[in-house]
DNA sequence: CCATCTTTGTGCACGCGTTCACAAAGGCAT
DNA sequence: ATGCCTTTGTGAACGCGTGCACAAAGATGG
């Protein structure tokens, strides 16, 4: 999971729980697949299986949107696709800008899932003057100087930050000042933003660390009693040898 | 935020709540930054601000690890860095493989955050024979045929899937059969995996859709009463014009 | 038109996670 | 040594999310 929202203590926006909102795209994807195969209706049980969730949860989620199902039959696929899309705001076009066209930024620009879901890459922005004009995914990269103008000219309200960690906060401030109110942040930093601005964070390194935790736990359970686990090495203080990470991020290599 | 875990109803692994585990990497990053600046101790208030969380939450999180603070003073930075790293299993080396070396896979291979945190890219794997041998981020790409051998020879237990959606399930099955028990999935599909295998999903498109929802809500609140919002278009049924998305993913463009 | 069967929609209970608020603990100055 | 001040660690309350289980609703067949 991208690691989550920032600020706002789970505001139930217009009666729809945040957890439900997070699942709607999942349902939408499953429904669109069914729609392609021209399946007319689907039961909560089937759809839940396709989306990888509990069927009761799915029904409750849909109940927040209204009563769109037919008892004894299921849900009309096309109708549900439309309703969810409308609820998510995908019936309109969302111009987005991607700031920071490194490896990741380029990958994002090329990512098909953007354009196909109502999101249009309005511009690619990078601080490196050498990048300016160079086309990535068919779109010419523009220099950071143009940022404010681009945002305003295109009416962009969603920005994607794929810069090094060091630049992220400043970029976010410029985006917000220019009118952006939603940010998808790939840089490994905590952005501090004013009230009213939504930030979602995707942090690859954090995801791996969480996996490592579970992995270690599994390994520890199997070989329960192989020492070196329960006994805490009592070293206190002691200089950690720290090397600076490549992308302005900081490594966490341990002394022992 | 990567979008979250699959299966396993929030198992409290060894007494540490899942939500806490998810925040530990965040604390670790803030602490490592402090460590670099040679800050000896830090209060829960300061550290919480740096990590972007509530200080009470942080203290409770740390209380699950043990009593590592000193009242009236705060926490010893170095010691805490070590304890969290150990808890997360970052004191050991985790070999990972990346499957699917497209734009995203290449970005991941080049991502510095991996190597710097105890994760070592053991191999890059792609199904395209033309890619074989070509170095990406200094590591030669190997063909999918070698997958099982690579996993076993390197003792890999964590796999990263960056393939198109269509290939993801099959790749996951081969990874798991070869011994992988943790998967970080970037493909926009629900993976079904056997008990005991952890899957975390990062879905760029879903994150954007969630932002779009909030963005729409904000816009709707400002112009409360601009019509076209509360009145639901009563079209029922009706063929959606569906185009196939680039990466095997499915678009959700609405009829209206 | 009635009986039966399927599937939705939801009331309810439970558990996890968050937050408040405060007592206990330790440093530090005098 | 003693008292003050800072900060931790946690008990307790609350709210959100989840899942069970069932009644209501509707389709379908006779």
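Start at 1 and count along the chain as shown; that gives each residue its number.
Note: Cβ is positioned from N, Cα and C throughout, glycine not excepted.
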If I go by TrEMBL, the feature region 'Disordered' sits on one of A:185-220, A:221-256. Which?
A:221-256
Near chain B: which of the binding-site residues A:100, A:101, A:103, A:104 have their Cβ closer than 8 Å to one of its Cβ atoms?
A:103, A:104
State the non-local partners of the DNA-binding region (A:26-65) in its own chain: residues 6+ outside its ends, Cβ under 8 Å from one of its Cβ atoms.
15-17, 20, 73-78, 80-81, 83-85, 87-88, 90
Secondary structure tally of the DNA-binding region (A:26-65) (DSSP, helix then strand then coil):
30 helix, 2 strand, 8 coil
So for residue A:102 (NAD(+) binding site), how many other CB atoms are inside 10 Å of its CB?
17
Non-local Cβ contacts of residue A:105 (NAD(+) binding site) (under 8 Å, 6 or more apart, same chain)?
A:98, A:99, A:124, A:126, A:136, A:162, A:163
